Every structure is written in structure tokens, then in C-alpha cells.
Amino acid sequence: MNAPAEHANLARQHLIDPEICIRCNTCEEICPVDAITHDSRNYVVKFETCNGCLACISPCPTGAIDSWRNVDKATPHSLADQYSWDYLPDTTELDQFEATVMGAAELPAEVQQITEVATAGQGGPAMAPWSASHPYVNLYTPANPITATVTGNYRLTAEDASSDIHHIVLDFGTTPFPVLEGQSIGIIPPGVDEKGKPHLLRMYSVASPRDGERPHYNNLSLTVKRVVEDHEGNPTRGVASNYVCDLKKGDKVQVTGPYGSTYLMPNHPGSSIMMICTGTGSAPMRAMTERRRRRMDRKEGGELVLFFGARAPEELPYFGPLQKLPKEFIDINFAFSRVPGEPKRYVQDAIRERADKVFQMLQDDNCYIYICGLKGMEAGVLEAFRDICRAKGADWDALRPQLLSKARFHVETY
């Protein structure tokens, strides 16, 4: 996604924090494009040379190298500026916008198109929460993908369920692939289409937290539904989804990304998260929930409330594991629309049933709302918010812009 027009000349400048740099020379030695140099005071990064490859990030013993500021492409921080610093310059209003590293590849057209569709419900991409971690974006492109190895693939839904949803684990070995909760990756199916052209990449949300599906491993997981019919119910075969669902342990996969710099979770203690999803829209919610679960012992506070819709329990990804989570950790509200003998119940119905709680969270500046799933769910969820606000004497149409301006409202529907 590009910056707004008035900020179209933004670039993400890579810098080194002089306060914590120990001048060990590791970054300069490892940089493959000679973008790092130094004088007697500071180590600095050449703006016009750095391509954002991140080869220097992991080896740095202090983390000084992992510093970034948004700047105008025409007036970046010069080498003379950097040599003179005792500490990094303060962040500015420019740092709230999305920007790419100068010299880094542009986002693939299909990624931009999918993102525009997914975020249309909120009026375009929102800002990331103020406490979100810095995301790395577009490190690997269709022209230069990374190869991952499949280390796991198992079906999440029952064998007799109408939806065939798989949990896929990909390992990147020793090659850096930093990813955050809420980000996506691209997978390039092998072969060519009917016109003889390579298949386009397909984006999938990451379903694991930043430290890996297996903690402290360089891997991640995906939640993928096998596509066997189109939106009208006509038989079709999704090229990418069938390829991914059929992967075997040990198979090699071409991956691009990561993608996404705004659909990110808050990190500050006391922050709450309301999650609303259907089907494979549960992937980013699982990532955020697992991130919080692994940090439960820190007692950082903040609530997790989940509204999760599916046709039936056997078609709901992660239904079993979700039921085992402590109720004091997460407040789960299921909605099933195709259970025999039961009335149809959709995710917006579950939201209305929790009107008091939902309104409380909408009013809480420390609560962040995330919606992900089918495009068809979006209108019903927003109407439920509107009805709840109206019943409480508030105006949803006035509240939503406030949520967006505070980076508290995030929508990705397809």
C-alpha cells in the first residue's frame, strides 16, 4: 500500500542508534551492498545504497542497527548528520505513514490490488497502533522469492465437513524472515496458467506469533481453505489453495513478503483486543491470541474478546484448542449458522447479544478492534455496531472515524 498522495515521496530510512551502538563493525562487515560505513564517532547507513535486505539486523549484538525513520526522499538524513549524532532524531508525524526502504522493490501489483479490496470497508488502510512493533515488508519478491520447507500439514476441519481447511507449517531455515501477527505472505504456485504465464502469487495471513509456530524457531503457520467452488457456488479449482493444501512434509515452497504494515496488534500493557472473524479469517486472530498466551505470565493486563462464526463446530478452524483456553484469558463467542435443529446464528448476532460488553470496548481507548474473513460478513458486523451505539445513545457513524484516527479499527475482508 502506498502512502497518501501528500506523503507519496516518503521513504523508510535505515539508521543506527549511536547511543547503544558498541562500534563492533559487525554490520559493516556483513552488509552485502556496502551501505554501512563509519568514522571515529559513529557507524552510519548510506541512504541511496541501502536496499533493506536486513542482512545486518540479526548479527547486531545490541539492536542498534534496527532503527528507522520516515523521511522525504529528497531530504534524508545525510551522512554528515548521522556522523554528528549522539542519539537518534525524534520521530515525527511522518512516521505514522507507510513507507518503503529506498531501493527496495515495489509491492507486487496483485498484493496492492488485494489489499485495496480487503481494506475497503474501513476506507483504506488504517494506521498501526502506536505501540505496534516495526514490520518488515516486501523483503522477498516474485522475482527473488525465499524457499521454505513444509514441516507440517494437517486438516483442521472434520473429514465429513463441507470445508477442507488445513494448518500448514513452513520453515525458513537460517534465512531471515521476520514476521508479525497480522501480516501476510505470498505463495507462488509452480507451473503456468492457460496462457503460459507463471501463476500469480496468492496471499495468506500468518496464523502464528512473531516467535514462530514453534517458539524460537524460524517458522510460521498458515490457515488455508481448499477452494472448490466460486462465490456463486459453481465448481472451480483454486490453483494456489489446492497446491498448498496438497503439500507434503519436506516439499519446497516459493514464498514472498512479508506484507502488511497496519493490521498489527498493540504491544503496550493494558491494551485490549476485540477480534471478529469467520473461517480462515481466524488466522491473524490465532496469531494475536497465541502471542498473548505465551506472555500470560507477565500479567500485562488487557482483555481478549473473540467473536467467531462458522457453519458448524466441525467446520470451525481450531475449535478444539480454543475451547481449552482459560475463560479468564479470552472471552469466546461462537456463532454457528448451519447446526441441525438450531436457528441460524451469525457473528453479528453474537455481537448484539454482548451489546454491553461491545459498547464498553468501543468506548475504551485502550481497545483495538480487528475484523477478518468473508466480505459478506462486513455489512452485518457494522450494522450491529450501529444498532448497539444507537441503543446506547451514541452514533456509530461519528465514532468510526475517531476509531480510525486512533488506529483502533482494522478491517481485512475478502
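If you go along the chain as it appears here, the first residue is 1 and each next one adds 1.
Cβ atoms here come from the backbone N, Cα and C positions, even for glycine.
Per Swiss-Prot, the feature NADP(+) binding site maps to 274-291. For 12-41, the entry in Swiss-Prot reads domain '4Fe-4S ferredoxin-type 1', with the evidence type sequence analysis. According to Swiss-Prot, the domain '4Fe-4S ferredoxin-type 2' annotation covers 42-70, on the basis of sequence analysis. The domain 'FAD-binding FR-type' annotation in Swiss-Prot covers 143-265 and is backed by sequence analysis.
On the structure: features taken from Swiss-Prot.
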residue : record               : DSSP (3 states)
MET274  : NADP(+) binding site : strand
THR280  : NADP(+) binding site : helix
ARG286  : NADP(+) binding site : helix
Spatial neighbours of the domain '4Fe-4S ferredoxin-type 2' (42-70) far in sequence, C-beta under 8 Å, 6+ residues away: 10-28, 30-36, 76-79, 82-83, 85, 88-89, 91-92, 94-95, 97, 99-104, 134, 136, 139, 176, 178
Confidence summary for the domain '4Fe-4S ferredoxin-type 2' (42-70), mean pLDDT rounded: 87
Nonlocal residues around THR280 (NADP(+) binding site), in sequence order (Cβ under 8 Å, 6 or more apart): ILE165, SER205, THR223, VAL224, LYS225, PRO317, GLY373
Residues that sit under 8 angstroms from CYS277 (NADP(+) binding site) by C-beta distance, when 6+ apart in the chain: PRO284, MET285, LEU306, PHE307, PHE308, GLY309, VAL347, TYR370, ILE371, CYS372, GLY373
Structural state census, the domain 'FAD-binding FR-type' (143-265) (DSSP three-state): 7 helix, 47 strand, 69 coil
Long-range Cβ environment of ARG286 (NADP(+) binding site), under 8 Å and at least 6 residues apart: ALA207, SER208, THR223, PRO317, TYR318
